[in-house]
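Novice: Quick one: structure below, then a few questions.
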Amino acid sequence: MPDIKLFAGNATPELAKRISERLYISLGDATVARFSDGEIQVQINENVRGADVFIIQSTCAPTNDNLMELVVMVDALRRASAGRITAVIPYFGYARQDRRVRSARVPITAKVVADLLSIVGIDRVLTCDLHAEQIQGFFDVPVDNVFGSPVLIHDILKKSDLKNPIVVSPDIGGVVRARAVAKLLNDTDMAIIDKRRPRANVAQVMHIIGDVADRDCILVDDMIDTGGTLCKAAEALKERGAKRVFAYATHAVFSGAAAKNLASDAIDEVVVTDTIPLSEEMKAIGKVRVLTLSSMLAEAIRRISNEESISAMFN
């Protein structure tokens, strides 16, 4: 194995530690702190000349701080003559700002972030479950977008008490993801929630396509933000006779009123991964369980360093 160096910012320290343990490689010695005026201070405290460097840093909230930490760390490592720098971004912030809506005067911020990282000197990106896969094309360097679904599916398969399960897509846009999960769950049935607003200023209506009566519903998505839509979807499923509702998602964004929404009796359990650290408030509601992607990301790092196939991990 080439001379791999692992470094981490302050966004996901526990995930970075788990990845380093699985690779049997200690995290690199770096100072990532703040000056008295709040500016980011980075210093690499060991030799990285010619090394294959991986920086582990989600750009989750506080998004701008974590993004700038990553940018400054890349610059510090580039100036220290690192041989190759891979940005390992388990959760890629700003991914939902991937296009202009019709003629709206808005930026495509995902492209701005990609340009920023490319200009500062990254050689490759490793990320997980991009909200929009076309973001890979925003970069001028290779991007490996791995999937958290195998870890989620493995957990679902371990649920021995599931009764007549059905996979549910929370919207039309998530049908491809839900279909893939359903296929891997022994070709189980699938339902779709079609959200419609009949007319302006009228509450959104949830139409459920599929029979969920007396079944355990498994809602799958790439991320959960405020949880408002998820809560309404769970309520609609329960009204249609669903027995239990389990929500599975890779990224636990959990902003705004997420704790209040996910405490709803309509949702029996929420299962997420550790691409974003769980706050104490979210831990306190008692129904959120966290799975780790450390083994998968560690294997991806090993394969990248050894110039092996990443897609073979998911065949």
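Backbone N, Cα and C atoms are what each Cβ position is placed from, and that goes for glycine too.
Relevant sequence annotations retrieved from Swiss-Prot are reproduced here:
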type     : residues                                 : note
BINDING  : D37, G38, E39, R96, Q97                  : ATP binding site
BINDING  : H131                                     : Mg(2+) 1 binding site
BINDING  : D171                                     : Mg(2+) 2 binding site
ACT_SITE : K195                                     : active site
BINDING  : R197, D221, D225, T226, G227, G228, T229 : D-ribose 5-phosphate binding site
Novice: Between T229 (D-ribose 5-phosphate binding site) and the residue listed as 'active site', what is the CA-CA distance rounded to a whole number of Å?
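Specialist: About 9 Å separates the two Cα atoms.
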Novice: Which residue among the binding-site residues E39, D221, D225 has the fewest other Cβ atoms within 10 Å of its Cβ, if you could check?
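Specialist: Lowest Cβ count within 10 Å among the binding-site residues (E39, D221, D225) is E39.
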Novice: Whole-number Å distance between the CA of Q97 (ATP binding site) and the CA of D225 (D-ribose 5-phosphate binding site)?
Specialist: 14
Novice: Across all the protein chains here, work out how many other Cβ atoms are within 10 Å of the Cβ of K195 (active site).
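Specialist: Within a 10 Å radius of the Cβ of K195 (active site) lie 15 other Cβ atoms.
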Novice: So if I draw a 10 Å sphere around the Cβ of D171 (Mg(2+) 2 binding site), how many other Cβ atoms end up inside it?
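Specialist: A 10 Å sphere around the Cβ of D171 (Mg(2+) 2 binding site) contains 15 other Cβ atoms.
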Novice: Given the recorded positions D37, G38, K195, D225, which lie within 10 A of H131 (Mg(2+) 1 binding site) by CA-CA distance?
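Specialist: So the list is empty; none.
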Novice: If you count CB neighbours within 10 Å, which one among the binding-site residues G38, G227 has the smallest count?
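Specialist: Checked G38, G227; of these binding-site residues, fewest Cβ neighbours within 10 Å: G38.
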Novice: Give the three-state DSSP assignment (helix, strand or coil) for D37 (ATP binding site).
Specialist: coil
Novice: How many other Cβ atoms are found within 10 Å of the Cβ atom of G228 (D-ribose 5-phosphate binding site), counting all protein chains shown?
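Specialist: Taking all protein chains shown, G228 (D-ribose 5-phosphate binding site) has 16 Cβ neighbours within 10 Å.
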